[in-house]
Amino acid sequence: MDETIGMKKEFHDISVGDIEVGESAPVTEDDKMLLNLGYKQEFKREFSLLAVFGQSFGSMGLCPSLVGSMAFSMNCGAGGMVWSWFVGATCLLPIAFALSELASSMPTSGSLYFWTAYLSPPKYRAFLSWFLGYVLALAYSTGFASTIYAAAGLVQATASVANPSYAPTKYEEYGIYVALSFACSALIVLPTKFLARFSSFNVVFQICTILIFIISLAASSTSETRNTGSYIFGNFENYSGWTNMGWSFILCFTTPVWVLSGFESCATIVEEAKNASKAAPIAIISSLTVSLFMGFCIMITIAGTMGHDFSSILNTPYGEPVSQVLYNNLGKRGAVGVSAVLIIALCFNCSALCLASSREIFAFARDKGLPGSWIFRKLTPGGIPLNAILLVNLYTIIVGLLMLVNVTAISSIFNLAIIAFFISYSLPLVCRLLFNRLNPGKFYCGKFSKPISIVAVAWLWFMALMLLFPSYQNPNKVEMNWAIVVLGFTVFFCVGYYYLPKYGGKTFFKGPVKTVDENVTEGVTVDFQADHVSKEDDGKSYN
């Protein structure tokens, strides 16, 4: 396949960045592909393959995120912890392959939102891209908020280990949450070149965190805390609020799907990446695969060093089960030291998520999809979408008010983030299957492409439905799953705003809008708005 879709002539007289005619600066294949998709180059391409991988790997923040959400996977004993991770994470691989094909074909920061628009017929394009834009913004923003909440919980647990008399009020907990939100966001207002270096550094730091965690627990375990292989892989007990063991095991999938959600986030920074159509699919698949096996090792380590008193771990006074495991094996100082490293790693994870969220909001605002889009599509002189970053923080602060209700209410944001991500993942794949409009990029699965997408959609819909269920079999209004409330409000606002008479999105939103000047695109086919025929089944090779 040609390096660009629908490209009719080469560009040798276009200046990258300001897109002016008459300059002699070289134009890369990345710039040509972006031009063909209808967008001028606004970001600087500073992200190497390692940095792109670091964005996805860092967004997952494997070890600290797993530690912060461990309680969800402990509903079925040690065996349930270990196997729910392996099964849940493995089932995400078809999704990674399916999304990698789209990322390679359409490397733009709009990612899932743009892909949905591109793959849908003109009749449905505007509404579907509008809907997906809002759900995806909800997914990334809630993913950031839930990770900030996990970080705040880890900070409080560490403080409790260091000082057993420490007992923060819910308002103090909320204050820690807000402070962490701004602190983690501050890191990504720096220039793109720094962000690329930070992303690469984050890979090294996250891997070092994993090694520190595993080695410290394995080396310090005693006969009282060390468990046998039969216990690690074969102990199944029901500690959930449901009587059915099988359903309790399915609920354990919350940990792997939450921790690993965001593995495609590198697609939101492809306009800042070099050789984006290759780098994005490599980063998506490799980051998920590495996280799957490293996470499995972490789970085995925790299950092998937690002892047999599962109830005391679950009901720890520190608030975080893994904090109790660290204390039992390492003592106070060791537990605080390892927890400090986990907190730093989790904050880096939060920064990576905020980066992805702000880029998606910028891309959606660039296409006039948000109220006040002209505000959120602005870049600073350094090329940073500062207003979009502030919007992410505003949402995080508001949704964090659920902390003042109860733990069950705020815990629902974990489910909400996953559900929103899974809806966002599934919609472009459904369009790709129904309308057969994919022009394959450099990464393509050939005859296995459609079967992989079908399996991916089936798993996404199953998990999205499962995560709407409450944590308890007969919940009261306090124990209900609040995810459906926030998701329902978002869908209601999205659809209502779109069809609002005279002022709604239907009157002005047409889907992704090209930002390339006409004098630049002269002689170029930017065929996004035109109907097109898929090249997927023409018998040619696209690798």
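Any Cβ shown, glycine's included, is placed from N, Cα and C.
In the three-state DSSP scheme, Asn275 (N-linked glycosylation site) falls into the coil class. The annotation N-linked glycosylation site is assigned in Swiss-Prot to Asn275 (among others) on the grounds of sequence analysis.
Neighbour density for Asn406 (N-linked glycosylation site): within 10 A of its CB lie 13 other CB atoms from the protein chains shown. The annotation N-linked glycosylation site is assigned in Swiss-Prot to Asn406 (among others).
Taken from Swiss-Prot, the feature N-linked glycosylation site applies to Asn519 (among others).
According to Swiss-Prot, the transmembrane segment annotation covers 47-67 (among others), on the basis of sequence analysis.
Per Swiss-Prot, transmembrane segment is recorded for 79-99 (among others), and the stated evidence type is sequence analysis. For the transmembrane segment (79-99), same-chain residues at least 6 beyond its ends with a Cβ under 8 Å from one of its own Cβ atoms are 70, 73, 112, 231-237, 248-249, 252-253, 255-257, 260, 263-264, 267, 284-285, 288-289, 291-292, 295-296, 299-300, 302-303, 425, 428-429, 432, 445, 449, 452-453, 455-456, 459-460.
Taken from Swiss-Prot, the feature transmembrane segment applies to 126-146 (among others), supported by sequence analysis.
Feature annotation from Swiss-Prot assigns transmembrane segment to 176-196 (among others); the stated evidence is sequence analysis.
Positions annotated as transmembrane segment by Swiss-Prot: 198-218 (among others).
Below 8 angstroms of C-beta separation, residues 47, 52-53, 55-56, 59-62, 65-66, 69-70, 72-76, 80-81, 83-85, 87-89, 92, 96, 99, 103, 107, 109, 111-112, 139-140, 143, 146, 236, 240, 242, 279-280, 283-284, 287-288, 291-292, 295, 352-353, 355-356, 359-360, 363, 414-415, 417-418, 421-422, 425, 463, 466-467, 469, 471 of the same chain, each at least six residues beyond the ends of the transmembrane segment (249-269), sit close to that stretch. Sequence annotations record features per position, and here Swiss-Prot assigns transmembrane segment to 249-269 (among others).
Residues or ranges marked as transmembrane segment by Swiss-Prot on the basis of sequence analysis: 282-302 (among others).
Using a Cβ-Cβ cut-off under 8 Å and counting only residues 6 or more beyond its ends in the same chain, the transmembrane segment (335-355) has close neighbours at 54-55, 58-61, 63-65, 67-68, 140, 143-144, 147-148, 150-151, 154-155, 157-158, 161-162, 180-181, 183-185, 187-188, 195, 198-199, 202, 205-206, 209, 212-213, 216, 262, 265, 268-269, 323, 326-327, 329, 389, 392-393. For 335-355 (among others), the entry in Swiss-Prot reads transmembrane segment.
Cβ atoms under 8 Å from those of the transmembrane segment (384-404) belong to residues 140-142, 144-145, 148-149, 170-171, 173-174, 177-178, 181-182, 185, 188-192, 354, 357-359, 361-362, 365, 375-378, 410, 412-413, 482, 486 of the same chain, restricted to positions at least 6 beyond its ends. Marked as transmembrane segment by Swiss-Prot on the basis of sequence analysis: 384-404 (among others).
Residues annotated as transmembrane segment in Swiss-Prot, with sequence analysis given as evidence: 410-430 (among others).
If you look up Swiss-Prot, you'll see 452-472 (among others) marked as transmembrane segment, on the strength of sequence analysis.
Away from its own ends, the transmembrane segment (480-500) comes close to residues 127, 130-131, 134-135, 138, 142, 371, 399, 402, 408-409, 412-413, 415-416, 419-420, 467-471, 506, 509 of its chain (Cβ-Cβ under 8 Å, at least six residues beyond either end). The transmembrane segment annotation in Swiss-Prot covers 480-500 (among others) and rests on sequence analysis.
Counted over residue pairs separated by six or more positions, the transmembrane segment (410-430) shares fewer than 3 Cβ pairs under 8 angstroms with the transmembrane segment (47-67), which leaves the two as not touching. Contact between the transmembrane segment (282-302) and the transmembrane segment (126-146) is not supported, since fewer than 3 Cβ pairs fall under 8 Å when only residues 6 or more apart in sequence are counted. Residues 147, 150-151, 154, 192, 195-197, 199-203, 206, 209-210, 213, 255, 258-266, 268-270, 272-276, 278-280, 282-284, 286-288, 290-291, 294-295, 298-299, 320, 322, 342-343, 345-346, 348-353, 355-356 of the same chain lie 6+ residues outside the transmembrane segment (47-67) yet bring a C-beta within less than 8 angstroms of a C-beta in it.
For Asn275 (N-linked glycosylation site), the same-chain residues that are 6 or more apart in sequence and have a Cβ closer than 8 Å to its Cβ are Glu29, Asp30, Leu49.
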